[in-house]
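**Q** The repeat 'WD' feature in TrEMBL is assigned to 141-170, 171-213, 215-256, 257-289, 319-353, 363-384. Per TrEMBL, domain 'SOCS box' is recorded for 391-427.
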Amino acid sequence: FVQAVCTINQSDVCKAKCIGELLVPVAPFDQKSGREAWTVAFAPNGSYFAWSQGHRIVRLIPWTKCLKNFSTGHCGEATNASSPRHLSCQNSNGNHIIPVAGEPREHTIDCGDIVWGLAFGSSVPEKQSRCVNIEWHRFRFGQDQLLLATGLNNGRIKIWDVYTGKLLLNLMDHTDVVRDLTFAPDGSLMLVSASRDKTLRVWDLKDDGNMVKVLRGHQNWVYCSAFSPDSSILCSVGAGKAVFLWNMDKYTLIRKLEGHHHDVVSCEFSPDGALLATASYDTRVILWDHHKATVLLELGHLFPPPSPIFAGGANDRWVRSVSFCPDGRHIASITDDRLIRFWSIEEKAPQAIASLTNGLCCAFSAEGNVLAAGTRDGSVHFWECPHSIASLQHMCRMALRRVMSTQQVEALAIPTPLRDYLTYKVI
């Protein structure tokens, strides 16, 4: 595998352009814990942005409105391109704006407890529930249904209708903090929750939120989980060095990936499902071929990289979050050294950096042109992502890898260099 380490001078790396911020009002009680923005999320169709701004509050903002506020002033005057647009909580409160008929509404939701996890889910009507004997539904999920799941400090999960801001379901089986939530991308409205109670739970929202399965195996807190694009595999990580892979048809453990030297806190599959990125307190992001349980690339944030015996120590390079760009070629990482790094898997080095104090989480927009990052003070910052035209080779590789595993590609009667490229051995 290839090891990429951030050894270059920061002054030689281009700076990512900050295009806007969402700020919360400052009050004396804000200095207490509970004001962190633990999660930010974009709706799969790009219509909404959700942000846990601390102290029980979640903001649901139409994404086009967000972008418009960043690019123009209140009176429609263009803002200075070199300075980011500040959009405060008071200025953008949807309750004080009369929306135009047919436009998405902004909502401010009080979840009743500190919010740790957020996830959007959209339904596909023809995608049937996995529960076979359903005679009655509390909700009829239409084609334009868009839900927001919120994971709370008290172990509850609340499901909201994004368009109306109304509470639909209250799921109460976890016994500790629900740290992370993820929906299956196939439109089935299957939801997985990761909790500090050491379990993952699978919920069928098309069956009125029935809990389908409890996945046990983690010995400590579970921090994060992510579905593969075809919804067949779930990755989960937590307070431990192992990366868990689950078969979501049989709800069984496939294997554990071993390679990190400290707690693994974030994970995400590439858009074609061929790669898995995991971030750890051991100062590294690892790109895996999860089909073969092999390491393809290491993105190092500390040079020289800490040896395994020292990787568990406190340092300023703990990686907090990793996110895969929808283009399949870029990755963003947030680290305790007050930097966001934009990596290119093709260059194996940071392509751009940005300053961010106390960053906790990050997510790419559905189009992949903007990265949002949440911080400990409850604010969110937005950057333009490095963009370049993908090669036809890469687009063909992504199209093929969406439907073929590494083993299937290796079985093809094709030249070795092409096989190595298609399996990301040559990135």
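Every residue, even glycine, has its Cβ placed from backbone N, Cα and C.
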**Q** Mind pulling out the one from 171-213, 215-256, 257-289, 363-384 with the most Cβ pairs under 8 angstroms to the repeat 'WD' (319-353)?
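**A** Answer, by Cβ pair count: 257-289.
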**Q** Please indicate, using numbers and ranges, the residues of the same chain that are 6 or more beyond the domain 'SOCS box' (391-427) and have a C-beta under 8 Å from a C-beta there.
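**A** For the domain 'SOCS box' (391-427), the nonlocal Cβ contacts are 2, 229-230, 271-275, 287, 289, 291-292, 296-297, 328-329, 345-346, 348.
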**Q** Average the per-residue pLDDT over the repeat 'WD' (215-256) and send me the rounded value.
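**A** That stretch averages a pLDDT of 97.
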**Q** Per DSSP, what is the residue count of the repeat 'WD' (363-384) in each of helix, strand and coil?
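**A** Helix, strand and coil residues of the repeat 'WD' (363-384) number 0 helix, 13 strand, 9 coil.
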**Q** For the repeat 'WD' (319-353), give the DSSP counts of helix residues, strand residues and coil residues.
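**A** Split into helix, strand and coil, the repeat 'WD' (319-353) gives 0 helix, 23 strand, 12 coil.
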**Q** Run through the repeat 'WD' (171-213) and tell me, per DSSP, how many residues are helix, strand and coil.
**A** 3 helix, 23 strand, 17 coil
